[in-house]
Amino acid sequence: MAEQQLGVLKALDVAKTQLYHFTAIVIAGMGFFTDAYDLFCVSLVTKLLGRLYYFNPLSDKPGSLPPHVAAAVNGVALCGTLAGQLFFGWLGDKLGRKKVYGITLIMMIVCSVASGLSFGDTAQGVMTTLCFFRFWLGFGIGGDYPLSATIMSEYANKKTRGAFIAAVFAMQGIGILAGGFVALAVSSIFDKKFPAPTYAVDRALSTPPQADYIWRIIVMFGALPAALTYYWRMKMPETARYTALVAKNIKQATQDMSKVLQVELEMEERAEDIVKDPRLNYGLFSKEFAKRHGLPLLGCTSTWFLLDIAFYSQNLFQKDIFSAIGWIPKASTMNGIHEVFMIARAQTLIALCSTVPGYWFTVAFIDIMGRFAIQLMGFFMMTVFMFAIAFPYNHWIKPDNRIGFVVMYSLTFFFANFGPNATTFIVPAEIFPARLRSTCHGISAATGKAGAIVGAFGFLYAAQPQDKNKTDAGYPPGIGVKNSLIMLGVINFVGMLFTFLVPEPKGKSLEELSGETEVEK
């Protein structure tokens, strides 16, 4: 077997880090910014939606979304994302990364704005239209996962590829922060303009009718950064690896990359034979694929699945955990607008202190430590901190120990992002052959989203107290927060074991990893 890599791809692998790398990070990253913003901003406004649309003047507590509605609003975007990852992942390998990339972006922009314009005469009408548009928003977001990762990995050089893909992923953290800041700004302005009494003082007036604009503005704002990058997204050439290895047009790939790298590239003589070798054209369901990539694909899917159960159950229930430890005052002591402010403040603090630094730690260390070490360490630390929170849970809830609790909770998040949350996104974009890369990344990501759905819905019910008089309205008794956290700790531990199936792509070219350079002499 002789190792042969096309000259144009070798040129990309050894290219020095230059401006086009950073342009690619920003263009691909903006999609991720919008993804994170749209998926997480809804958790900032669910309490407000409850007050606005499910107000009951006879109740001591402000209105809240009934369980099935809360689950739908939080989860419908995740279901859309799962479908989008599979569909656009497959499409990205069929039509090319660039074409599909524009479609997903338009979809995200339109549905972002539309979900803010959700209308209806009844509460049910508004919630139904909101869920409808959030599903399609999720569908567009889903396409962004495999495409952003694949485009970035195919554009990057081999020395800093991990850091580049991680940087695209780290834009999620900035999206989550932006969601918090927008919510803080909007709710402050409305609080000043439309002062309202607390719920305990006057039930009907505690949520002024103008508050209906708050959630709409917050939800729609996510479309702005995506719209700004649309033009540049369309100007990016198709990746050389797609053009050469999948579309088999080496001449075009060489021309495109000459422009991007700003050097003259020559086309080799035997280039065509390399690409057209029949043994390198096996399909996704072939024995050859199972033999070469079966176990790595299992490793990628299982670790992402297990991680997202833990990751999303934490993220979606931050506000419940904050209320439990007293960071957010009792709902009846606030008006509706102020409640948005308090929830956003707590989430933004956690994001600033733990979520965002974790992402950038990955960017800094991934090409030094390697993907495997970071993922193993992350799962291990998450297991440790989950158990450390769960077993003495009753000790942490006491008012004097709250700071300790928040520190432990933040550390869990820090090691999710400086750990498997980033690596599970990076590795699938590196180890599969070019013509199946986007599909396999989509499959891995969709399995992850299935885990997110388990985390988001399963733990919504599981975390309910065991005493049925203390549960939230409409929920059956669960196993309580403490036992839920123990379960999450176990899940993280299993994730650590599955990490051993994932190969280490550090410092190797994409073709070497996927076996696309092996051709008989």
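Heads up, the Cβ atoms here are built off N, Cα and C, so glycines get one too.
Annotated domain 'Major facilitator superfamily (MFS) profile' per TrEMBL: 24-507, in sequence order.
Residues or ranges marked as transmembrane segment by TrEMBL: 20-45 (among others). Non-local neighbours of the transmembrane segment (20-45) in the same chain are 73-74, 77-78, 81, 104-105, 108, 112, 134, 137-138, 141, 144-145, 147-148, 151-152, 155-157, 160, 164, 167-176, 178-180, 182-183, 214-215, 218-219, 221-223, 225-226, 228-229, 232-233, 236, 260-261, 315-316, 318-319, 340, 343-344, 347; each lies 6+ residues outside the stretch with a CB under 8 Å from one of its CB atoms.
Residues or ranges marked as transmembrane segment in TrEMBL: 65-88 (among others). Tertiary neighbourhood of the transmembrane segment (65-88): same-chain residues 38-39, 42-43, 46, 49-50, 53-54, 100, 103-104, 127, 130-131, 134-147, 312, 316, 438, 442-443, 445-446, 449-450, 452-453, 456-457, 460, 472-475, selected by CB-CB distance under 8 Å and a gap of 6+ residues from either end.
What TrEMBL records for 100-119 (among others) is transmembrane segment.
The transmembrane segment annotation in TrEMBL covers 163-190 (among others).
Taken from TrEMBL, the feature transmembrane segment covers 213-232 (among others).
Per TrEMBL, transmembrane segment is recorded for 348-366 (among others).
Outside the transmembrane segment (372-391) by six or more residues, the chain places 303, 307, 310, 362, 365-366, 405, 408-409, 411-412, 415-416, 418-424, 482-483, 485-486, 488-489, 492-493, 495-496, 499, 502-504 with a CB less than 8 A from a CB of the stretch. The transmembrane segment annotation in TrEMBL covers 372-391 (among others).
As annotated by TrEMBL, transmembrane segment applies to 403-422 (among others).
As annotated by TrEMBL, transmembrane segment applies to 442-463 (among others). Residues of the same chain lying 6 or more positions beyond the ends of the transmembrane segment (442-463) and with a Cβ under 8 Å from any Cβ of it are 67, 70-71, 74-75, 78-79, 81-83, 85-90, 92, 142, 145-146, 297, 300-302, 304-313, 316-317, 320, 424-425, 428, 475-476, 478-481, 483-484, 487-488.
Here TrEMBL flags 484-502 (among others) as transmembrane segment. With a threshold of 8 Å between CB atoms, the same-chain residues lying at least 6 positions outside the transmembrane segment (484-502) that come near it are 295-296, 298-300, 302-303, 306-307, 309-310, 313-314, 371-372, 375-376, 379-380, 382-383, 386-387, 389-391, 393, 420, 427, 459, 462-463, 478.
Simply put, out of 100-119, 163-190, 213-232, 403-422, 403-422 has the most Cβ pairs sitting under 8 Å from the transmembrane segment (348-366). Touching of the transmembrane segment (213-232) and the transmembrane segment (403-422) is ruled out by the presence of fewer than three CB pairs under 8 A, sequence neighbours closer than 6 excluded.
Here the transmembrane segment (100-119) has long-range neighbours at 31, 34-35, 38, 84, 88, 91-92, 125-127, 129-130, 133-134, 136-137, 139-144, 147, 151, 215-217, 219-220, 222-223, 226-227, 229-230, 233-234, 236, meaning same-chain residues at least 6 beyond its ends whose C-beta is under 8 angstroms from one of its own. Tertiary neighbourhood of the transmembrane segment (163-190): same-chain residues 21, 24-25, 28-30, 32-37, 40-41, 44-45, 148-149, 152-153, 155-156, 210-211, 213-214, 217-218, 221-222, 337-338, 340-341, 343-345, 347-348, 351-352, 355-356, 358-360, 362-364, 366-367, 417, 422, 425-426, 429-430, selected by CB-CB distance under 8 Å and a gap of 6+ residues from either end. Looking just at the domain 'Major facilitator superfamily (MFS) profile' (24-507), the mean pLDDT is 88.
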